[in-house]
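Q: I'd like to ask you about the structure that follows.
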């Protein structure tokens, strides 16, 4: 058996009959499975021991040879080889068919490969294969045509007319096999190429398709006649097991039934042929054999599926591979693993950031082998057996050993659904009593976990390498930033925020206000002795050593600020230490909210790195919890004070609405206008009530504190608690014009409550539906971008893209500095006024340089981008730039494709889950959200299409009674006219200038139109900005580079239009880099280059168009992908992640890259080795 790690590629092809016989250990001749009395396999049956190997280890069928000492002997009585029973998982057999049978994949697939190569329609082919028509194989001298179909009557007439010997006709797979074997591929290909030059239209398309199939057979070495099978392989018996249930009945795999039908019909056909039965009977039997083989290979593809008991269709070989429950997705891409456990999680506020609490009994079971080894090493137990007994009986010595074993062995915690890479993190386990896993409160955001009964799984990394990776790459304390946008993900929440907020408030007239203190320690002492209130404004003398001399100053602060600042490094840059007036100030002297905590973490991470940040976070956590307990901020009904002004506002609104109604009744305004105005008035009133409420709340009001600090709740929720609920939407999404006047504090009446239920129910239904949609979107994104890995330092491209700040209307939504941070320049950047060089080409822009460039007022900058990267596989570090999760330059081996897919998919689920939080208050629901993102990534024609101008020019609008027409006049005077359909709103005005690709009417643009007008760059830019718009509306930040990775994968294929002297066929889609390489090859000997256009593929299509057939087959349309790959004899280069997971190799990313794996440390010639290592680290 070959080693699983030493091959570089995998090829798939058609199996010839010889090859199938070569795999086989014998022929299955009988349909019997096992003997019902002895329960032993029948000889020559589907489970025969002589063919497949013994059922029990080292024991033959008849029992003459038992025990391992007879290893390898073939029993002379029963013919069974004495060996391990595991061989029954790998030994195959075969069935010799009495008549050839066509393989349904090649006959029935779309397009029918058999039909193409024979130039017959699938319907004609079906008639021949299923014995409804004869086909002329050799017309000889007669006037019949080759491949002409004859029905029964015509065949008889021809026989009478010409005599039976004067021509050859046949039916069934035999005839087709003869025709296939007669095909001369070289000649057919040459003829088709000639025809191609003359033909056009539909005929040309058909010829190209045929040529493709012929060329595939030519290049792959497959023979066309192998699409018809003479001999059928039988898969090993342990892969289609038969097991005895309680009560003596048997459960068996469906495949056994399907094989039995094939064998029965085959044996019957053999008998009929030996007897010389009449033609019509033999023909019927052959047809039945063909159908049985079809059902075995792909049940239900043609006609009605074969059903088992209870009318359930049987699972055929194809079904074993397909879908979520098939071999690919169920067993190859997702396996269950040993050394794992799961339990409910509870909060562990006393833990450090890198720790998790592991229940004692679970830890003992997970680390059992380690504990046993240690027990023997320490001499507590004499051998492994007694050690095992000690562990199983849980003797007291075991616990001490467990403590030692666990000491520096990280474990992985995972919470389903794992939407992004932060859904699995490593922790240092701490043994805890009880049966629940303890989780650090700060990592809950990353896991999206709460403690209402969530469960989590624990996994133990076994090997030293796995432990090292867990400790250095996956430890929770190191994963503070979100890979999607580089913002901190461990921002303290809820109580921690509330405690910090409470601590940093100040109060006029508090006890001890205005006192002077000599030092911070004195303040703390006074606070502990209750001499001074935590919110009192006091003065403190601060002494510091500056440039070797002691200086002191007096600052105004509160005890709370002093306590809070003990957690925070005092050099984060919030205070300008150069300025003598600010020199002694505390680093944090502003009110702490969730937002400002995020900023503090950001600055600390950039300045001090992850370790110090995690220590700071733990300090903030402890302080926050402590002071939110001391502050005892809680909610009572008396805290919701309904402002008296509310009733005046309502009265005023009622009067206005009455006026609007009167105007409507007098016919001064239309129904629509009345509705609009009423809605507008009530919205305005609700807002006014909310504002009045917020202004009337005391700053120490607990509800206000919770919302203002960002701990929990929002203005909208406070408005509903103590203001008024306002307008609601009906199930259709239309706003009901009667508002809910009451707040929850006052209580809703029956009608108001009923109206409220619409939104709540809609929210729940939406959530359930959209979660599935979002998960599927993520899966497609992962599949399309999974092979994008950083593979090299610099691809050497000269290209880039221009970026500028993004505006929506007059408001800047993303500044230039944000877009430049962490990217490389693609050309020299000069100051727009002075002309000085700000950054040379290929300079990395950190936040400081990016700020500096943006501040000069420069409009746009050309940067290196994933779009223009020239790496054939993956991307290079310079085109990618900064790793968002670490804020450092990206490393070679980083799986940026998967990270991109997760970054786009993960908020998708959240967008969809966020609809129900407002309880159905009328607002912008994200209907245009998820479906819009999907529509863009699938490059579909959008709903509500806008009309786009194909050229740049000046607009002229003409309106007649019947229609409106927009004319665009170019500079050269050409006119292009566009008819505007009724009800469309124009985006352009008469006489203005517009560019090519600009919208004339409102609506979404078809990305394919942009592609044809503005080219590939325009289309990429459009997709990027449109997807960003949707996410931004939801307040989700995703870095551009993630979208760039996916969009690049959508625009990688070229459709060949002109062949030139290349080997590329027109109409074929090919990877951009292969296209370039082929053109360069032709150019080298002066030939004519091929022409082609870049095509925009949706993510599903792009994922199926990948070079790897394993990856595509495990994604969707498994049978179609495999059929195609087998005919072409495709070679899978195993460059992506999925392919390698499927065949069980290490993935070629991270430490699994060949570059890192081939490192060896040689002590003899160490200087050479160190050179290679240095080169890798740079």
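Cβ coordinates are placed from backbone N, Cα and C, and glycine is handled just like the others.
Sequence annotations record features per position, and here Swiss-Prot assigns Zn(2+) 1 binding site to 60, 62, 75, 78. As annotated by Swiss-Prot, Mg(2+) binding site applies to 450, 452, 454. If you look up Swiss-Prot, you'll see 795, 869, 876, 879 marked as Zn(2+) 2 binding site.
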Q: Out of 450, 452, 454, which of the binding-site residues is least crowded by other Cβ atoms within 10 Å?
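A: Checked 450, 452, 454; of these binding-site residues, fewest Cβ neighbours within 10 Å: 452.
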Q: Report the nearest neighbour of residue 454 (Mg(2+) binding site) in space among the binding-site residues 60, 62, 869, 876, comparing Cα positions.
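A: Comparing Cα positions, the closest of these binding-site residues turns out to be 876.
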Q: Starting from the Zn(2+) 2 site formed by 795, 869, 876, 879, give every other residue of that chain whose CB sits within 8 Å of the mean position of their CB atoms, in sequence order.
A: 792, 794, 797, 864, 866, 868, 870, 871, 875, 877, 878, 880
Q: Counting Cβ neighbours within 10 Å across all chains shown, tell me which of the binding-site residues 60, 62, 78, 876, 879 comes out on top.
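A: Ranked by Cβ atoms within 10 Å, first place goes to 879.
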Q: Give the three-state DSSP assignment (helix, strand or coil) for residue 876 (Zn(2+) 2 binding site).
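A: Looking at the DSSP assignment, residue 876 (Zn(2+) 2 binding site) belongs to a strand.
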Q: So if I measure Cβ to Cβ from residue 75 (Zn(2+) 1 binding site) and keep only same-chain residues at least 6 apart in sequence, which ones fall under 8 Å?
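A: 60, 61, 62, 64, 65, 81, 82 - these are the non-local Cβ neighbours of residue 75 (Zn(2+) 1 binding site), listed in sequence order.
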Q: Compute the mean position of the Cβ atoms of 60, 62, 75, 78, which form the recorded Zn(2+) 1 site, and then list in sequence order the other residues of that chain whose Cβ is within 8 Å of it.
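A: Result: 49, 61, 63, 64, 65, 76, 77, 79, 80.
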Q: Quick check: which same-chain residues outside 450, 452, 454 lie with their CB within 8 A of the centre of the Mg(2+) site CB atoms?
A: 345, 449, 451, 453
Q: Quick one: among the binding-site residues 795, 869, which has the most Cβ atoms sitting within 10 Å of its own Cβ?
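A: Of the binding-site residues 795, 869, the most buried by Cβ count within 10 Å is 869.
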Q: If I take the Cα of residue 869 (Zn(2+) 2 binding site) as reference, which of the binding-site residues 78, 450, 452 has the closest Cα?
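A: Checked the binding-site residues 78, 450, 452; minimum Cα distance to residue 869 (Zn(2+) 2 binding site) goes to 450.
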Q: Taking Cα atoms as reference points, rank the binding-site residues 78, 450, 452 by distance from residue 879 (Zn(2+) 2 binding site) and give the first.
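A: Result for residue 879 (Zn(2+) 2 binding site): the nearest of the binding-site residues is 450.
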Q: When you rank 78, 795, 876 by Cα distance to residue 450 (Mg(2+) binding site), which of the binding-site residues ends up on top as the closest?
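A: Of the binding-site residues 78, 795, 876, 876 has its Cα closest to that of residue 450 (Mg(2+) binding site).
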Q: Work out the three-state DSSP category of residue 75 (Zn(2+) 1 binding site).
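A: It is coil.
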Q: Any idea what the Cα distance is from residue 795 (Zn(2+) 2 binding site) over to residue 452 (Mg(2+) binding site), rounded to a whole Å?
A: 50
Q: Between residue 78 (Zn(2+) 1 binding site) and residue 876 (Zn(2+) 2 binding site), what C-alpha distance do you get in Å?
A: 63
